[in-house]
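Enquirer: Submitted below is the structure of interest, expressed as structure tokens.
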């Protein structure tokens, strides 16, 4: 065995180029050893390790140990790559900034939805259809503009539509099941049963994406869900909450969460699969938003007679109902009453909801569906706190029980537990 201690010398090593990716077990091989394009006659040669961007030495020499054998040679290096660390820091900063933005928009989305229902209290079904079909027009317009600007390529638009069809179908099923179950369940039971969304996400990401989670991440997710339940119920009598309710309705609400969780995991799969199909290019989020929303709108349109009957609106009276809803939305017409705050509040909600959906999808793209869901769930107690205060058009406010503070504390502990850094191996074999 020969041992050499090197500090600033130039190192040149001949290694088979095909063995490098398989043997490298570090966090990001491309960022530690960036191989430039060489002519084919010298492609087997590794670059000179003289630049500090290739090998950074922190007050200690870098040791290379060569083990000589009859069959093969191994080099073991312990090094700190400045490019790797810089890219990881940038990724963490992007995730933190996008998480903060998504959290703020999530809180604003929930608060403004409650305010938008003040003038639209008789027309929540109309508001839901506006968000479904209106967003499709907005997303397609943005997608077209980005396509003309060259941001979205033909390869991105040509991505297989079967994935988006499945996303739209699952989201439409989630909406329909949620509406049917929500009509039969008591109010406090709905947010509790909806927390199964995160459990479904963890389970589906393991089977569909092949993800693995540590015990502290699983415990953190469960604590976040438990914290939201505590904060939302605020001391209500949960033992009697489902008394007299048929078993099918809680099951249907859990199924609604499963469908929506499945749609979110498939969106994450689309980003991962598109990076491979597009040879490293990142699929534009408006491609996912536009085609996913398009298929969702198609399935909602097909189920519209059932949805209108569910809301007590006969399908034959649906056109006149939509006309009255539009009059209240824009606060115009002779028969408009009780629509104070429109159209300002509904429009504020729509724009905020669009920004929130884009931000949440972008966070999913750069991190994961589970992290995006944790941030969205964290907005629930914060929005409840704001809604407990006197607001314009909601001057009465409300009081929060000690269970709210307890639930918020449990949620915070869950987030900290999920984000505890994992130990990573720093030994790299070449």
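Including glycine, each Cβ sits where the backbone N, Cα and C put it.
Nobody curates TrEMBL annotations by hand; they come from automatic prediction.
This is the feature table in TrEMBL:
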COMPBIAS  1-20  compositional bias 'Polar residues'
REGION    1-21  region 'Disordered'
TRANSMEM  94-113  transmembrane segment
TRANSMEM  125-144  transmembrane segment
TRANSMEM  164-183  transmembrane segment
TRANSMEM  189-210  transmembrane segment
TRANSMEM  217-235  transmembrane segment
TRANSMEM  241-261  transmembrane segment
TRANSMEM  282-307  transmembrane segment
TRANSMEM  344-363  transmembrane segment
TRANSMEM  370-391  transmembrane segment
TRANSMEM  403-420  transmembrane segment
Enquirer: For the transmembrane segment (217-235), name the stretch out of 94-113, 164-183, 189-210, 241-261, 403-420 with the most CB-CB pairs under 8 Å.
Expert: 403-420
Enquirer: Given the cut-off of 8 Å on Cβ pairs that are 6 or more apart in sequence, determine whether the transmembrane segment (94-113) and the transmembrane segment (344-363) share at least 3 such pairs.
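Expert: Result for the transmembrane segment (94-113) with the transmembrane segment (344-363) is yes.
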Enquirer: Is it the case that the transmembrane segment (282-307) and the transmembrane segment (403-420) have 3 or more CB pairs under 8 Å, with pairs at least 6 apart in sequence?
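Expert: Contact between the transmembrane segment (282-307) and the transmembrane segment (403-420): absent.
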Enquirer: So which residues does the transmembrane segment (125-144) touch in its own chain, when a touch means Cβ under 8 Å and the partner is 6 or more beyond its ends?
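Expert: Same-chain contacts beyond the flanks: 116-117, 152, 284, 286-287, 289-290, 293-294, 296-297, 300, 307-308, 311, 313, 321-322, 325-326, 328-329, 346, 350, 353-354, 357.
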Enquirer: Cβ under 8 Å, sequence separation of at least 6 from the ends of the transmembrane segment (164-183): give me the contacting residues as numbers and ranges.
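Expert: Tertiary neighbours of the transmembrane segment (164-183) are 190, 193, 249-250, 252-253, 255-257, 259-260, 262-263, 266-267, 270, 288, 291-300, 303, 306-307, 310-311.
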Enquirer: Who are the chain neighbours of the transmembrane segment (241-261) in space, where the CB to CB distance is under 8 Å and they lie at least 6 residues beyond its ends?
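Expert: Cβ under 8 Å, 6 or more out: 170-171, 173-175, 177-178, 180-182, 184-186, 188-190, 192-198, 200-201, 204.
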